[in-house]
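In what follows, a structure is listed as structure tokens, so that the remarks can point back to it.
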Amino acid sequence: MDASMMGGMEGMGMDTSSSGMFFDTDSALARTFWYIIAAAVFLALLLNGLRACDVWWRRRTARTKSITNPTRPRNFLTQCYATATAIVREATYPQPISFAGRWFAWLSPPPLGRLLLLSFYWAMIVGILTWKSIAHDAYYYERVGFRAAWVSVTQVPLVYLLVSETLGLVSGLSYERLNWLHRWVSRTLLITVTLHGAFFLAEWVRADFVAMELALMPMVRYGLGAWGVLVWTLVSSCAPFRNMAYELFVLQHLAAAGIFLWLVYSHVPSYAVYNVWFSVGIVAFDRTALFCWSVYQNVGIRQRGAKPSSRWLGYRAELRALNKDSTMVTVRDVAFKWKVGQHIYLRLPKIGILESHPFTISSVPSKSSSSVSNDVRLIIRAHSGFTRRLHRRALSSVQGDAVVMTAFVAGPFGAPPAWNSFETLVLIAASTGASFTLPILESIIDDPCCVQSIDFLLLVRQREQSSYYAERLRSVIARAASKGIRLRVEIAVTCELILCPCRDIGSDGTRKETQRCRCKTNYSPYTAALSADPSDGPIPSPPRSVSSDIEPVDEGREKNFSPASSSQTSERRSFLTETPSLGISYTYGRPDITSTIRRPVEAAAGEASVAVCGGRELVTAVRNYVAALSDGRAVHKGSGAQGIHLHVEGYCF
């Protein structure tokens, strides 16, 4: 057997001659990879600690009332920290490229901050791949092939670590905030695995050894199988395929993850198998910890008292249909506390015995004694699969009574910021995104601390979709004044149905009327008031010349939130704004997102926070404008303008 043929056998992991030549360097670089990852986790932990100290100081100062604006930097060190934070925010918030539409939105690249992080990661991978490996000698293909193998197998534990729910306990970062990085590291892994196979294949082709290698070396077939699993995972994870049947996607994704580890274990040599066991350990620890936590929460280990809603196995869940699209699930007397902005995994065996889905908690945790129930409310929009079956079950109730069943929960998860550590809050949500922003508002009213001003904007397609939230908002508005908080609430109805005449004339000679979207017609009848709540007064109809300019906003597909000009906007909103009803201002048409954010931020004497929950287009518009506003006002750069924090919450992750 000639040298090239022997090299091909060594290339598939045989621990002989030339593989030993590369082992010391490759294994050292693999350790360097994990040193860098550990340093990144330590940095995240350090920054999280600094933020916690800053929040503690702000709250302490606000409660002692020793400083008027506790969110402003007070010395050289805090000013340097605030300036550095502002620069990082302006560089990481924007999303320069974003595609719209159902079939192309998933192709949008990540925001600039994530792209920068990915660039650092890719630079590290390229550096490790090429360090002392690019030399066109007899061992070129084998050396690069081995290096790519080490880089690939070293990334495997990181892929599994990035989906660990327990990772947040160490880094202060919630797992759903790292899910995007899990996907991109997996894609990078596929590239390095492809390089690993391509370089060895090139060597075998040169030696005419491909058929013999496949016949004599079973580990080659295992390696090809692992590569095939990675390709399948990449394709099936694309949004169009994932959304076709999400529950099926989750099951096959879990199965693929297990099969991949077995194939890698069968492929790699003994000196690299520790990476597989590292991955298995991560998964085992995470699943075991989550299982024990779930048992502790759902089985009657905790004494829940003699309340009627208490159960020894699971919780009492009540289902109510709010409207034709939304369901409210109330989980009674839960045995845990949560923070506003967190989510839980909900399992309803009667709806889907094997299905567990994440939903944002839409209620504020009780701070009263144990005699008061601690209920979790979830507002769930019906799409398909689990949520559609859930809504149908809620609609099946007799005389509007709640449908009762047993629920199992896991959580809460998420690491939201301390909302009452900012002076000004701007809360923006579309549709059921209010399940995220409304509890924030309610919690601030209960404990304002640093907060002095709140602007709340809710976008809905039709007014009836806001009725549940409007009821809760009126309760909040009634309490805001007593807390000394300036509160402004706006509900933007983007596609209200109105009655308008059609061209057909009935047999009795009268013109028929039909329901059409207000933004789809030039007709402005006074009968538009029929679509509103009579207790809130009539809705003024837009003039014929302008109503055609208004476009509907679909949940998850909002468009053009920034109007063509400010004068055009003010003219439009002057007659499309309804007289406030108990503190709630209803507007019709596209809202002016820029004005909603700019007005309170410019008036703020301390740090402001903008929280947005909605579809991709809404989030992108808010991202870009917050970054531009911060840069334009020269925040913490000598202008006196204070910081602007942004928190983004999506419909899914």
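From the backbone N, Cα and C atoms, a Cβ is placed for every residue, glycine too.
The transmembrane segment annotation in TrEMBL covers 32-50 (among others).
Per TrEMBL, the feature transmembrane segment maps to 112-132 (among others). Long-range Cβ contacts of the transmembrane segment (112-132) within its own chain (Cβ-Cβ under 8 Å, at least 6 residues beyond either end) map to 25, 29, 32-33, 36, 91-96, 144, 147-148, 151, 180-181, 184-185, 188, 192, 195.
Under the heading transmembrane segment, TrEMBL lists 144-163 (among others).
Panel annotation: around the transmembrane segment (184-202), residues 8, 11-12, 110, 118, 121-122, 125, 129, 141-142, 144-145, 148-149, 151-152, 155-156, 158-159, 162, 210, 223-224, 226-227, 230-231, 233-234 of the same chain, lying at least six beyond its termini, place a Cβ under 8 Å from a Cβ of the stretch. Annotation comment: TrEMBL describes 184-202 (among others) as transmembrane segment.
The feature transmembrane segment is assigned by TrEMBL to 222-241 (among others).
What TrEMBL lists as domain 'FAD-binding FR-type' is 309-419. Restricting the average to the domain 'FAD-binding FR-type' (309-419) gives a pLDDT of 86.
Taken from TrEMBL, the feature region 'Disordered' applies to 530-576.
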